[in-house]
Each structure stands twice: as structure tokens, then as C-alpha cells.
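Working notes, beginning with the structure itself.
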Amino acid sequence: MPHTIKKMSLIGLILMIFTSVFGFANSPSAYYLMGYSAIPFYIFSALLFFIPFALMMAEMGAAYRKEEGGIYSWMNNSVGPRFAFIGTFMWFSSYIIWMVSTSAKVWVPFSTFLYGSDMTQHWRIAGLEPTQVVGLLAVAWMILVTVVASKGINKIARITAVGGIAVMCLNLVLLLVSITILLLNGGHFAQDINFLASPNPGYQSGLAMLSFVVFAIFAYGGIEAVGGLVDKTENPEKNFAKGIVFAAIVISIGYSLAIFLWGVSTNWQQVLSNGSVNLGNITYVLMKSLGMTLGNALHLSPEASLSLGVWFARITGLSMFLAYTGAFFTLCYSPLKAIIQGTPKALWPEPMTRLNAMGMPSIAMWMQCGLVTVFILLVSFGGGTASAFFNKLTLMANVSMTLPYLFLALAFPFFKARQDLDRPFVIFKTHLSAMIATVVVVLVVTFANVFTIIQPVVEAGDWDSTLWMIGGPVFFSLLAMAIYQNYCSRVAKNPQWAVE
């Protein structure tokens, strides 16, 4: 008799989706870029991207629940191996860009924890500019993570848990402190409520506002992993759709509420119009403002209010540093494992698929470390201020993260056309509904990326930013095609490799 695995309840599923998708740092970024006008964009992205895409992934995950290759298997069985590999490689490469971005950003919370504010823009060593110093620290961080992770990731599981709990507590702090400030200030908001216009001078045009959609989509990132939870859920034919829709509503409300609450304590013009504020430190700037506003509402002295704000920023810095650390150790290994161990072995040179004594693909991990290091040095020594550096990396990560969604969405109609699959969970019962969902998701993701990429050129003639945003995804797409073509050539000469 087979061993019975305990299934997840509906509540457990909802919590799992919430923890996987919801990120504390997303609402501060949204408030900085768009103010209250970010809220309609977050709701729009949930309705036209998050919910339909999650349901599509749920269907594919249920039908391919016995496959070990994750999204590679889904696309391979639906469309074909070449399409699947390029799509999966883009998914993997988005995490390469994420590592390039985050290895630099991780020093912002560390600096905030030590000094009470972001001092990374003032770090100068041996004649190097701050951007270059942060770049070298990012390289050191990447090497350290690879050394530790290649010996097994079990040691950092506790840090990941602590970081996750700390960030969840930050959401609670934002809610309770904001309510307290509202009560003490007689319901007065620091920011005037306006859902139609952004207070940010850089986000006044229609083109710039449309490009913000990519930030909203990024906030819902990671939903492709939800499909893998179908077989672990009680009564998936009923509970899975309920769980996804309910979680999506809660997450949508949660993001919108968080953006709304930032306006309780922070006036955009007074606090965020400063040139030193950027997407890398906005979370800590807002948390410091939250603490200072609480101090003022409690009629503390200016010095005490400032001190309270600094401690809010420091606690946030520590929490975010722990969260980044846990995420970094996990994500430097998990996507690489999928692309190396989920795809045919003949795709890769033999050493890359070799596992060390700890069961880790250490050679591939060091090759990944080298690639990330090259990107870090290229960006950090390419000129520009620290503020532009962080903003550029964030945009690169957003574009790269959302491109793999196109591959998964485009594979969905092919998946629906197959007649030989056991489908325990079906939400799109007609060909028309499946096509509508596919078209809507593809259009939303495509337009978001196109608008984001062309906006710097159209508004400021800034070809540099546009080329950086395009460069990462294009490079990895070409690399994927080259790797797959090499695989085809090797299999043609040695057909037995195709079945390995």
C-alpha cells in the first residue's frame, strides 16, 4: 500500500501562495514611483495578469504533476524541447539578473542596519567611486554565497525562516503604526489622496505611467511555482482555484493597502523628492519617516522622534538583510538545479552536471558565479551615479523576470490542445476561454516590457538605459539558442545521448 502524504488545507495553500508572492519592498517602490496612483495599476495587473496566469500554471502543474522537470517539462510536453529550453533558460537567466541586482542591493540594508541610513552612496575606498566600491562588495558577496551554498544549503534554512518572519512582522508594524498615527493625528494623511496623478515628476506622462505596469507585474512574480502545489492540496479540483483567487484578492488588497498606508506618514514632496532617494533605499527612507511621524504624533522631542525613525530604519535594515541572505542562498542554487538537472544531460558539458559530495552541482555554481561577477563589474564600472546604478539594475531585473511568463503563457494553448492528458484540475473549459486568457496575459506582459524599454529613449533620448534593459535578456536568449544548437549537433553524431 503506498504511503499517504498529508495534503495541504485551503488555508495552508493560501498562506503558501501569500508567502511566495507577497514582498514587503514592493509597496515602497510603488509609492516612490507613482504615489497613490500606483494602486489602480496593482489592481489592473492582478485582474489581467496574476489571476489568469496563476490558473494557467495550476492547470499545467496538475496535468504534469508526475514530471520532475518543472516548467521545462510543461513546455517540452506542450510545444517542444527547443521552445522549452529557451523559455526555461530565460527563466533561469532572470535569476542571474536578480543576483546581479541583489548582490549590490544587499549592502543597502546592511549599511542601514549599521548606520541608521543608506551610506552606500558615500563609500569611497582607494580612489574608487561609491558605485565601484559597491560593485566589488557585490562580487565578494557572490563568491561567499557560492562557497557556502556549494557545501549544502541546510545551514542557512534557519536564517531564511528568521528573515521571512521578520519581514512579515514589518507588514504588521506598518499597519499598526499607521493606524496609531491616524488616530493621534485625527485622521490626517501626510499625502493628499489622488489615485489619478503621480507626484513623481518622472512619472507624469502616459508612457511613463504605462511602463509602471512592469513593476506591478514584478510584485506578483513567482506565481509560476504555484502550479507545483496542485497535487499537495486537498480536493484540488475545488480548493486550488478558490485558494488562488482568494490569495490573489488578499495580495492585491494587501499591496494596495500598504501603498495607501505609506501616505499616512510620508509626504512625497517633503521626503521623497530628495535626489539621494532611489529604488535601492526607498524602503528604509519610508520606514524612517514612519518612525519619525509616530514620534511627532506622540509629541516626542525632535531628537527623540529622529532617534525613533533611525531605529525603525535599522530594524528594517536587519530584517531585509536577513531576508535577502536567505533568498540569495536559495536562489543561487534552485534555478540552476532546474536548468542543469531538469533538462537532458547532453545539453551540458559533463563537468557541469557533476555533483559534489554534498549533492550540489558545484562546478556549474562556480561558472554561474563567474558570469554574475562579469555582469556586476560591467555595470558598476560602466559609469553613472549610485542612484542610477540601483535604478538601472532594478529595471533590468523587472524586464528579465517577466519575459519567461511569455513563454509559459504561449505554451498554454498547445497544452490545452493535447487530448491524451489526465486533467484533474480544469478552469478554462472552452478553447475560447483559454485563448482569451493567453492573449490577455501575453498582451499585458508584452506591453509592460515594451513601454518600460522605450520610455527612456522617447522621453529623454536615454539610449544607455534602454540598451542595458534589452542587453540582459537578448544575451541569454542567444546563449540558449547556441547551447541548444550545440546539443542538437552532438545528438546527431551520438543518438544514444538523446535518451539520457
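The backbone N, Cα and C atoms fix where each Cβ goes, glycine too.
Database features (Swiss-Prot):
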TOPO_DOM  1-7  topological domain 'Cytoplasmic'
TRANSMEM  8-28  transmembrane segment
TOPO_DOM  29-37  topological domain 'Periplasmic'
TRANSMEM  38-58  transmembrane segment
TOPO_DOM  59-82  topological domain 'Cytoplasmic'
TRANSMEM  83-103  transmembrane segment
TOPO_DOM  104-132  topological domain 'Periplasmic'
TRANSMEM  133-153  transmembrane segment
TOPO_DOM  154-163  topological domain 'Cytoplasmic'
TRANSMEM  164-184  transmembrane segment
TOPO_DOM  185-209  topological domain 'Periplasmic'
TRANSMEM  210-230  transmembrane segment
TOPO_DOM  231-243  topological domain 'Cytoplasmic'
TRANSMEM  244-264  transmembrane segment
TOPO_DOM  265-319  topological domain 'Periplasmic'
TRANSMEM  320-340  transmembrane segment
TOPO_DOM  341-369  topological domain 'Cytoplasmic'
TRANSMEM  370-390  transmembrane segment
TOPO_DOM  391-394  topological domain 'Periplasmic'
TRANSMEM  395-415  transmembrane segment
TOPO_DOM  416-433  topological domain 'Cytoplasmic'
TRANSMEM  434-454  transmembrane segment
TOPO_DOM  455-462  topological domain 'Periplasmic'
TRANSMEM  463-483  transmembrane segment
TOPO_DOM  484-500  topological domain 'Cytoplasmic'
Selected stretch (most C-beta pairs under 8 A with the transmembrane segment (320-340)) from 133-153, 244-264, 463-483:
133-153
Which stretch from 38-58, 133-153, 395-415, 434-454 shares the most C-beta pairs under 8 Å with the transmembrane segment (244-264)?
38-58
Candidate ranges 38-58, 83-103, 133-153 - greatest C-beta contact count to the transmembrane segment (395-415) (under 8 angstroms):
83-103
Per DSSP, how many helix, strand and coil residues does the topological domain 'Periplasmic' (185-209) have?
7 helix, 0 strand, 18 coil
Three-state composition of the topological domain 'Periplasmic' (29-37), taking helix and strand from DSSP:
9 helix, 0 strand, 0 coil
Between the transmembrane segment (38-58) and the transmembrane segment (463-483), are there three or more C-beta pairs closer than 8 Å, counting only pairs 6 or more apart along the chain?
no
Could you give the mean pLDDT over the topological domain 'Periplasmic' (29-37), rounded to a whole number?
92
Counting by DSSP secondary structure, give me helix, strand and coil numbers for the topological domain 'Cytoplasmic' (59-82).
15 helix, 0 strand, 9 coil
Intrachain residues whose Cβ lies under 8 Å of the topological domain 'Periplasmic' (29-37), provided they are six or more past its termini:
191, 193-200, 202-203, 209, 212, 215-216, 219, 255, 259-260, 262-263, 266, 268, 272, 277, 279, 282-283, 286, 394
Could you put numbers on the helix, strand and coil content of the topological domain 'Periplasmic' (104-132), residue by residue per DSSP?
17 helix, 0 strand, 12 coil
Helix, strand, coil: count each for the residues of the topological domain 'Periplasmic' (265-319), based on DSSP.
40 helix, 0 strand, 15 coil
Tertiary contacts of the topological domain 'Periplasmic' (185-209), as residues 6+ beyond its ends and Cβ separation under 8 Å:
32-41, 262-270, 272, 293, 297, 451, 454-455, 458-459
Please report, as numbers and ranges, the same-chain residues at least 6 past the borders of the topological domain 'Periplasmic' (455-462) whose CB is under 8 Å from any CB of it.
205, 207-208, 211
Within the topological domain 'Cytoplasmic' (341-369), residues counted as helix, strand or coil by DSSP:
16 helix, 0 strand, 13 coil
